[in-house]
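Asks: Please find one structure pasted underneath; my questions will follow.
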Amino acid sequence: MATATSSEETLFNDDERKHKKLLEAISSMGGRKRKKQSERSEASVQVSEFFVNAEGTGEKVNISDLLGTVEKTSGASNKTKKQLRNLQNSKGTLALPLNKQQTEKIQRGIAYEKTTKENQKAEQIVFPLNQESSGPKQVEQVVAGWKAQTPLEQEIFRLLHSNSQPVNDPVLTPVEEASLKAMSLEEAKIRRAELQKTRALQSYYEAKAKREKNIKSKKYHKIQKKGKRKEFLKQFEEMVKTNPEGALEELKKMELSRMEERMSLKHQNSGKWAKSKAIMAKYDDSARKAMQEQLQMNKDLTQKIVVPSDDEHESNEEGLETVPDFVNDPEPIIDPVNPWMRGQLTHEEPEVSCVTTDEPQTAEQENEEEELIGEFERKRKLRQADEEDLIPTEEQKPESEVVEEDVVEVSDKEEEEDEEEEDVSEFNTLFRFMRSEKTLEEDEEGLLNEGQIRVRNIEDLEVLAEDVDPQPIAAPSLPQTAVGEATSEPPNKKKSEIDLKEVLTKDAKVVQVPFLPTVDHDEQISIIKEAFAGDDVISDFIKDKRKQEAAGKPKVVDLTLPGWGEWGGVGLKPSRWKRKRFRIKMASSPPRQDRKLPDTIISENRNTSIASHQVSQLPFPFQNTAQFESCIRTPIGQTWNTQGVVKKMTKPKVITKLGAIIEPMVKEDFINKTTTSAGKGPAIMLGENKRANKGREWSSAKHQGRRGSQKRKKQQT
Amino acid sequence: FRKMEQEMLKCLFLGFGLQKIRYPCSKKDPFPGEAPIPHKQLQKFQRGEKYKVPAGARRRLKEAIISSEAMSELAQKQAARYDLLLPEDAGFLEGDEDEDTNTISQDDIADAVDITSGSKYFNLHLSQFGPYRLDYGRTGRHLLVGGKKGHVACIDWQSKDLMCEMNVMETVNDVKWLHTEAMFAVAQKRWLYIYDSKGLELHCVKKFNDVLRMQFLPYHFLLATASATGFLQYLDVSVGKEIAAVCTKMGRLDVMSQNPHNAVIHLGHPNGTVSLWSPNQKEPLVKMLCHRGAVRSLTVDKTGTYMVTSGLDRKLKVYDIRAFKPLHSCFLPAGASCLSLSQGGLLSAATGDIVQVYQNVLGSSPVSKPYMAHRLRGQIWGLAYCPFEDVLGIGHGEGFTSMIVPGAGEPNFDALDTNPFRSSKQRQEWEVKALLEKVQPELIGLDPGQLSKVDQASFEQRHKEQVEALGFDPLAKDKFKPKTKKKGRSSAGAIEKRKRKVAHEDQRDEIRQTVQERTERDKEQKEKSNEKKKLGNKSTLDRFRK
């Protein structure tokens, strides 16, 4: 149990400590870091005249003076007391530290050794050591070594000082600094990318506008203008809701244009062109249309614009209400050649139209949705037209439809002449246009019962997509089958051919050949006979090999001298022991490469020509050939390596800048190197450790008079 | 992915919730480090074995080995990464069920493929001056045909643009492009001639007479010729010098091929042997007995691994020429007069007036039936695959036929080496670079990596000379010399004793090492067995023991 309690205690203590630490951390986070003035525990004779009485001034301080109280204090542990006593008793003195010159010498020596070793090991050294980066420099770097000298400059500086603007060290104002800090590299990159994008877009738009401006086609501009007008109308409606003042202004502008139009004779069909057209109008449909259009323009421009009142919302609703009964009446398809015949007639006799009676009802149901679907519908229409194009039998339809559409448009405009009480004419025309399209579509349905599928909504559209898809496939399928037939036939033919051949070539067992070569049998037989005439090629080869082997074997050197130590003469052989003694057998050559290959002779001759290109002496650090060969096994050429690897492999050991003076290394270089390698602080310190700098400056002011004075100036501000 | 999984598992084990891993939110890279490279790709670019730093290596040696290993690893990795840039893959002809691909006619193929590919099947009816030999340029765009009766023409065969056409009014034995399409060599009745692409005669090389066959070694700029007099000659086309003339003493040389891997020339002989030659040796590097009858044709694949030969004994044999061992042989009913291997490894064999193309010949299993076949009008005289195209050119008695062989060509070309689409400017640039990188003829040998090896023989020779000159061996270890000691301790016996202490030091080291290893192994085994025993002795109550 005792152990348990002790552990609990330690835990508790731990917790307390942690808590304290946390508190400290929190307190340190808030704003300035206030350095706690720690209690003065320094042992010195003259501490301060205000706090402690300087009793023994000039006397030598003994350890016992300092530690005398320790014995009496209860808090100190016995162990420390013991240690202190031992210290007191010991007489050994510390060695005097080396003088400055010597320490520096030692330090230099160490530094030299270290750096030289590092340089030896380094893959690449770049001289001169501290090169300035070639890129753009920071402003503070440029300004750092500069001093105000001329009276003008001094005056400017005074001004800056008086306005508490940064002068020298931190070139940036605190605000700028903060902003600089806030924008990290990534953010800057993102922002730059954005800017680039916007610039690019701008240029695109500019180019587009220029291109459009250069277009000479009147028709194009007409369409463009129409589109713009529509857009403007839409915007205007929105503006009425959101920005009534702007809308009013716009209205005023329109009013102005109306006035101008009323004053001028511009669109009155009274010009030269109009007169000529009027003559032509009798015969030419297009001329008539053009005239009509001009008149329409006049009408539109001179129309009185209703000022949007407070009950604008209601009127809008009314409009919506009125729209249905106006629109629901189906449009008949009348002779496209005579658009003047349209309009009122349709109002009077809806039954005449070839559309079935149930259409209006469905139209009524869809009325509310229509506005939303409008845009969608048109697109669908277009797509349908495309589909129709695919089917050759219905090619005529889309064309006629287009013509009809045009006619309808014109007729609508015609109607508007009559119905002047309609305020938002543009809207109506649009709507009517949509309606007419719809009716047309339905008409088509009637005509092409089997072919087309009417689409109402998105689901239907999907169905349509499914249904329509097979059609284009079906068309090419016909030629495909034809191709299939075409291709299927030849193989049959060939098969029959090959069957015949195969029968013929059955005697060839190893390889099946589709065709039999046309070679005379007699000729073949003769060739074979010729081939096997010299059947002893094998024995020839073996003989050759034996000869080679024999040539390669080391020969026995016979040094026996007949007649020495025994009888000599014709027919006498030297004795056995002598032969044994004086016949020297050379060391047997290494086994031949082809000893296990009976049908191969491999030459044992050494290729001497390559020797001049080979390395014959091991270079320095290598101890055996295997090491060296493994080191040069990877080629460094561009043929075998990627570009980057080649560059890396062939980079020079030392790079020097042309024309630059390479000065011997100084202490700063070394220190710089070590600090930068350790990743400590930037070379130039900005704002945050200003205070620390100041402290240091004061202390160093004594040594460096010039710099010190400069700093002092700053201090005064 | 595996890394990620591991991380997740680690997190689970450490008791972190899975919510802690929020990859999309935190800006940490979900796949840190480099993308892994498949092992197969890496292996493809491996050069030699890795060398480990020996145990007692000195600092400099250690550094040298480590840095070189790092470099070669980097090179290998980068090369494997760049393998991604070779996206093309060769296709093959595939027949329907129970339909042999060799029954598909060229017309059908030409109809089925796109127009450009279809136009690659064509015939040149040249019945007057046949039979024809042919050669494709290294880029595969230019075709050179030479009729036996003197007709020589070079064609940009893809655009069917005739570059030049002439009749040399002499028997033409062989034609060959030189390093570019600007020059070609023609082996005529007596001498060797060199023409430019306009048909202008540049040289008549009278040192080369009665040439029957030619081979051009592109990286050495050597034109190797085999003559009827049994001479194998090498002409350096960059300097116009004869490099070597070897008398083979094998009679008429009309079967010739080159090994693209090591630039060794293979010659086939009437006595059924195939001999391998380099310009540096007067005797064959290797001589192999391949056929019982005369060798009719031979070819070597582009990796220099396989050689295919055909002889009068109507056999087709595949050899592994690294080991000089036959892999398999098959019997062709009519023998093969011409052989050619494509870049894709397809073998075409001319049997009479039929060209057969075989697939997977270079594997270990013998072939049973051809992949494609095509019948021609006349006797076949020359066969050559077009580089980087699925086309086989056939020269025969009635002219020339270009045949479509799907899967024949190498789909990826090295544009710095052979670019089929290069402009004339690029060609000039390439020519200069190629000349600068020209490989010297002395380097031709069976092992192309010979240059990267230390010349052991001369090393030993030099060492011997050094020993002789100095009177001692500088590399030898100093013999142990016992110190002279006083007080009778330097007596002969004592010295001998001391000598014995250090005798056979190297051997002893070895023995010591092996003994140590053995003892360690034994120790480990013992420990293992002890552990097992302990586990075996444990009772159920042991878990309560602390």
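Here the Cβ of each residue, glycine as well, is placed from N, Cα and C on the backbone.
Predicted automatically and left uncurated, TrEMBL annotations should be read as such.
So TrEMBL says this about it:
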REPEAT    B:288-329  repeat 'WD'
DOMAIN    B:370-448  domain 'BING4 C-terminal'
REGION    B:468-546  region 'Disordered'
COMPBIAS  B:503-546  compositional bias 'Basic and acidic residues'
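How buried are these features, and what lies next to them?
Replies: Non-local neighbours of the repeat 'WD' (B:288-329) in the same chain are 255, 257-262, 266, 268-276, 335-341, 343, 345, 347, 349, 361-362, 364-366; each lies 6+ residues outside the stretch with a CB under 8 Å from one of its CB atoms.
Residues of the region 'Disordered' (B:468-546) grouped by DSSP class, helix first, strand second and coil last, total 52 helix, 0 strand, 27 coil.
Non-local neighbours of the compositional bias 'Basic and acidic residues' (B:503-546) in the same chain are 480; each lies 6+ residues outside the stretch with a CB under 8 Å from one of its CB atoms.
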Asks: Given the model, what does the mean pLDDT over the domain 'BING4 C-terminal' (B:370-448) come out as?
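Replies: Here the predicted model's pLDDT, averaged over the domain 'BING4 C-terminal' (B:370-448), is 92.
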Asks: For the domain 'BING4 C-terminal' (B:370-448), what are the DSSP-based totals of helix, strand and coil residues?
Replies: 17 helix, 22 strand, 40 coil
Asks: Write out how many residues of the repeat 'WD' (B:288-329) are helix, how many strand and how many coil, based on DSSP.
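Replies: Grouping H, G, I as helix and E, B as strand yields 0 helix, 25 strand, 17 coil.
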